[in-house]
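A.B. asks: I'd like to ask you about the structure that follows.
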Amino acid sequence: MANSATITSKKGVKSHQKDWKIPLKVLILICIAVASVSSRLFSVIRYESIIHEFDPWFNFRASKILVEQGFYNFLNWFDERSWYPLGRVAGGTLYPGLMVTSGIIFKVLHLLRINVNIRDVCVLLAPAFSGITAIATYYLARELKSDACGLLAAAFMGIAPGYTSRSVAGSYDNEAIAITLLMSTFALWIKAVKSGSSFWGACTGLLYFYMVTAWGGYVFITNMIPLHVFVLLLMGRYTSKLYIAYTTYYVIGTLASMQVPFVGFQPVSTSEHMSALGVFGLLQLFAFYNYVKGLVSSKQFQILIRFALVCLVGLATVVLFALSSTGVIAPWTGRFYSLWDTNYAKIHIPIIASVSEHQPPTWSSLFFDLQFLIWLLPVGVYLCFKELRNEHVFIIIYSVLGTYFCGVMVRLVLTLTPCVCIAAAVAISTLLDTYMGPEVEEDKVSEEAASAKSKNKKGIFSILSFFTSGSKNIGIYSLLSRVLVISSTAYFLIMFVYHSSWVTSNAYSSPTVVLSTVLNDGSLMYIDDFREAYDWLRRNTPYDTKVMSWWDYGYQIAGMADRITLVDNNTWNNTHIATVGKAMSSPEEKAYPILRKHDVDYILIIYGGTLGYSSDDMNKFLWMIRISQGLWPDEIVERNFFTPNGEYRTDDAATPTMRESLLYKMSYHGAWKLFPPNQGYDRARNQKLPSKDPQLFTIEEAFTTVHHLVRLYKVKKPDTLGRDLKQVTLFEEGKRKKLRRPAKTNEIPLRV
């Protein structure tokens, strides 16, 4: 009676727990979402509401066109102010999801009589979506283990620096909403596979369509889900639920994605989409085989069917290779192919290799972005192997692919972070479950019930019951062990929170257009040279001014200065970029015809030698040389820019080719004026300034910012008398020297 009363009371406690667990989970999720949003607002508080980096400036400019001119004009937008004189079909060559999302939010807020600027919507979009990402991660992780695991994963995802780096306020890039859609699509996919519901499969397809509109990384989902299905088929786990989920997702998702202008017919004509199509066909064969298998019981017929299936799969593979070799199916693009052949971009497409985000990461950068979670990834994967349900197989595949791609390209730590957070949550929740339960009282009750049950059994049955009763919970009952493990885990979690907050605040919340440095007294000094230069361009040059710069700054010039650019961050035309690189690396007399041919009015360069800014153009110079050498190997030779010892020198030991190049002259022209005589120093390259000031003949300095970071040079017009500009410059300098010459005391002035 006592045992039954205890069990009844425990049931009452459990039912009471269910009543308060749901609102508690909702409250915790709200707190996680608020923490996710607030931790990304450092840049707005410390600086102001401003767009960061480079690509976001184009997205912001496109969003303004969308809300000002409407969706139809946005889709048909031809940008004549970029890639001069070619222009760019912007509306058909971008992923519109980010801009459409901002536009809808902007319109809804105005309908609600909330007057906001489109810039503020763009700045705060990424933090807002980070809260939704945490909730989506919760729903995905809870399918693996429990609600506690989901809450841990959501908390990790909300503040992990690997995700924060692309979702702080002002980071208005495609990834701002793409990771949210990635996790939401995966969560719905697992839901569809477990339920076998065509509704959830359709929802997965619609979210996949949203993802396609938002980010080129949708190809990761395109290949991830088919790979999951393929592995399940190899494991012999074909079910009608799997068939319904994938076919519904694939048909709706593919047809919807083909409505995006930039994607078009790629889902049925490019190599990176063929795995999804192949698995779709394979599922139809499996469905047909299982249908026939249920109708016919003959062994020989089943063998024949299996043979036919193998032949069909082999034939499909041969046809795929044949279509790929003939060009009917487009091959992998350079950016995707470089994920498999890591040296491909460096050898064949240096423009891809020149982007710092496309370099492989270091161990320190992985720890910087994921802290102790990276060590828990293999633990979580191991625990998934122990259960190995369909959803666990998905996370295992995700972990393997995410780790590989992150190891190839540091930018893809963004796609690795979600699975690391989930795997770490599985590991920690399992650890805490082991050391925080089961309760000792519960175990005593179960032992008493088992002993009472065994008393009723006699002889051999009592012995067998001892060996077969495997329902006893295994836990850690030592209080010291529990306290040590739980306290150490809590310590690591607290340190993770401190680390994430520090990294977000100090490393990822500084806009690229505004720099800051700490002075000797501990105060912050802000360096606003970029906006100073762009503001000067906007105020002091005509609207149709053509500005040449390296492609990194094209979007910023168009967004802040509103001037015409030759190249920008879209990098769709390698020849045009190589032409700019050739002009920068050629001697002045050879660069001038290129400048005149492209109607260049001003040249913008970044020189970091004064401040010690290492991301200036002289440190990017080798990439300009390599890209232009790919098209003009006889005119531009990289070896000529290195000393006989193989050193990259910019001081007096620099090679003649280096000293005569246009970029070198523009960078070091007048730089010695900021230092005492013979003490000039290049802080970015840790070398002395050249002792002889480079002289310019075809261009002249127009503006240099206060910290000597951004420099603008005006291209001279041809001489009206047809004289060589070098001779004209030397002649003018000679006249100035004559005018400055002091008059002799015994010299009699001429009478006029």
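For all residues, glycine too, the Cβ spot is worked out from N, Cα and C.
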A.B. asks: Looking only at what Swiss-Prot records, are PRO267 and VAL410 on the same side of the membrane?
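C.D. replies: Same domain label for PRO267 and VAL410.
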A.B. asks: For the Mn(2+) site that Swiss-Prot assigns to ASP173, GLU175, which of ASP55, ASP79, ASP369, ASP433 is also named?
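C.D. replies: When Swiss-Prot describes the Mn(2+) site, the candidate it includes is ASP55.
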A.B. asks: Where else in the chain does the transmembrane segment (303-323) make close Cβ contacts, counting only residues six or more beyond its ends and a cut-off under 8 Å?
C.D. replies: 274, 278, 281-282, 285, 289, 292-293, 329
A.B. asks: Excluding the flanking five residues on each side, which residues at least 6 beyond the ends of the transmembrane segment (22-42) place their CB within less than 8 Å of a CB in that stretch?
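C.D. replies: Residues packing against the transmembrane segment (22-42) from afar: 126-128, 130-135, 138, 147, 151, 154-155, 157-159, 164, 167-169, 500-501, 504-505, 509.
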A.B. asks: Taking a Cβ cut-off under 8 Å, which residues six or more beyond the ends of the motif 'WWDYG motif' (550-554) line up next to it in the same chain?
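C.D. replies: Contacts of the motif 'WWDYG motif' (550-554) (Cβ under 8 Å, skipping residues fewer than 6 from its ends): 54, 82, 565-571, 577, 580-581, 584, 604-606, 617, 620, 624.
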A.B. asks: Within a 10 Å radius of its Cβ, which of these glycosylation sites (ASN569, ASN573) has the fewest neighbouring Cβ atoms?
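C.D. replies: Among the glycosylation sites ASN569, ASN573, the lowest count of other Cβ atoms within 10 Å belongs to ASN573.
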A.B. asks: Taking Cα-Cα distance, which of the recorded positions ARG166, ARG411, TYR555 are within 10 Å of ASN573 (N-linked glycosylation site)?
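C.D. replies: Of ARG166, ARG411, TYR555, within range: none.
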A.B. asks: Would you say the transmembrane segment (363-385) and the transmembrane segment (198-212) are in contact under the rule of three or more C-beta pairs closer than 8 Å, pairs 6 or more apart in sequence?
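C.D. replies: Stretch pair does not touch.
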A.B. asks: Does the transmembrane segment (176-195) make contact with the transmembrane segment (126-144) through 3 or more Cβ pairs under 8 Å, each pair 6 or more apart in sequence?
C.D. replies: yes
